[in-house]
Amino acid sequence: MAFRRTEGMSMIQALAMTVAEIPVFLYTTFGQSAFSQLRLTPGLRKVLFATALGTVALALAAHQLKRRRRKKKQVGPEMGGEQLGTVPMPILMARKVPSVKKGCSSRRVQSPSSKSNDTLSGISSIEPSKHSGSSHSLASMVVVNSSSPTAACSGSWEARGMEESVPTTDGSAESLYVQGMELFEEALQKWEQALSVGQRGDGGSTPTPGDSLQNPDTASEALSEPESQRREFAEKLESLLHRAYHLQEEFGSTFPSDSMLLDLERTLMLPLTEGSLRLRADDEDSLTSEDSFFSATEIFESLQIGEYPLPLSRPAAAYEEALQLVKEGRVPCRTLRTELLGCYSDQDFLAKLHCVRQAFEGLLEERSNQIFFGEVGRQMVTGLMTKAEKSPKGFLESYEEMLSYALRPETWATTRLELEGRGVACMSFFDIVLDFILMDAFEDLENPPSSVLAVLRNRWLSDSFKETALATACWSVLKAKRRLLMVPDGFISHFYSVSEHVSPVLAFGFLGPKPQLSEVCAFFKHQIVQYLRDMFDLDNVRYTSVPALAEDILQLSRRRSEILLGYLGAPVASSIGLNGPLPRENGPLEELQ
């Protein structure tokens, strides 16, 4: 063999010579006598020649590809070390993603038409304040970390190239999502600025007679531009902002405001209190100053028990006494609603809660107020069921049974034990009706089970099937809870009977595919929450004394009920009575007030 000739030759030449000498080796080994007996046809000779030639070509190609692979492995680490200190660019970009997220949530941009007070996530009000990040993109971060002198001028293009080369993994998808949200928030800022500039231009562009006399050319130019076009552009821009806010609500944390209520009041021309007008004026003035938000935050954080950095807007003797009770730990509470009701701190919420409890206790001592609150609850739920095209007959029967049970003095002790087992700290109207029943129901609707969402989001199922499945799920849950009751025929059992009629309607309204019913339920929830927020606002109600607070709460309740019942198309609860006068014995009656 000719394997000895490989010294001083390349591997390819040695392999070619070896393959070429195979026929000679076979001929010399087996002798000419063996090959002389073979009779090869011309076709067989061609096949053998083609096979030998293909084998040689395949061996050469495999060897050449193997050499190229080795060169790539050697060049890869050298290129990575020359660019960013032996750290590949995709890794740096992946490490920068968390910082971008922090930047997105570090600032807030306030809408020029509303304020951010509310923290409910289920209300379909327009979100005025959005988390907006820095105006710099990820490409600027790459430029900062680059040591090349030309990186500053070509950073954005290099970043785009690197983004295209990054494989579509979970990390890159997350970074692309963050970049998209960042750009979307920047677009929101630009649209908000355009809207505010347009509003300022409309407000200050009205020409006066003096201006027209002094500058007739400019006056004619201002009048030449059609006013309708500017208004149409402003309306389109505002509609675009509203749609963008709703889109951002679906993919991020929301901070809904009470702008829906203010717009409704402006449309219906309902009277506003002096406190709400003053708050609105303060909000409009604060839009021109970015420092006002931070200064207000510092003032709120500095509020402590027994210390008042700034004097209150009005005297609040009852509130100050309640703060002392909170300091002593004598105000129990089941759930803190500090953020939901817009309170400055937990101590502020507890002090106002104590005053509200006392105010409701005084209100419910009068027969007329008992009739009013009982009838408002009946008419609100009846209006909701009517809007949902459901018969309220079953609800009215269960509601009457629950009221008759709650008004019997012999049931109050059992009711107290049942509610204390559920964590209710005080037997008051606020703790039982507003907090335990309404607020807990809204919280449950904000976090529905995944199985329910899967059914409601299935596009292949009809709306009637979804509604039936949701109602069946609600009934099965209530039936299972009824089996675990401590008192089989107590207050909670009667409440479950009412919930069997109301829960499916509310659940399908908040979670279902019908936009009209969803709007009605969202408005209902928004009105209830705003009613509680106004009740816990020192500027809307008087905390000077318990009777004054009770009077303001009653007026606030009448005003909110008129708005809500008017929207639902239900009659206002003014002169319709309950099932008879309440007993006025001392002791047990106070437990339910």
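Even glycines carry a Cβ here, placed using N, Cα and C.
Scan Swiss-Prot for phosphothreonine across THR6, THR29, THR273, THR338 and the hit is THR273. Of the candidate ranges 180-186, 292-298, 551-557, Swiss-Prot annotates residues 292-298 with the feature motif 'FFAT'. For the residues SER196, SER276, SER499, Swiss-Prot attaches the annotation phosphoserine to SER276, which does not rule out the feature elsewhere. According to Swiss-Prot, of the residues SER132, SER205, SER132 is the one noted as phosphoserine. As annotated in Swiss-Prot, phosphoserine applies, among SER137, SER172, SER224, to SER224. Secondary structure at SER228 (phosphoserine), taken from DSSP and collapsed to helix, strand or coil, is helix. In this chain, no residue six or more apart from SER228 (phosphoserine) has a CB-CB distance below 8 Å.
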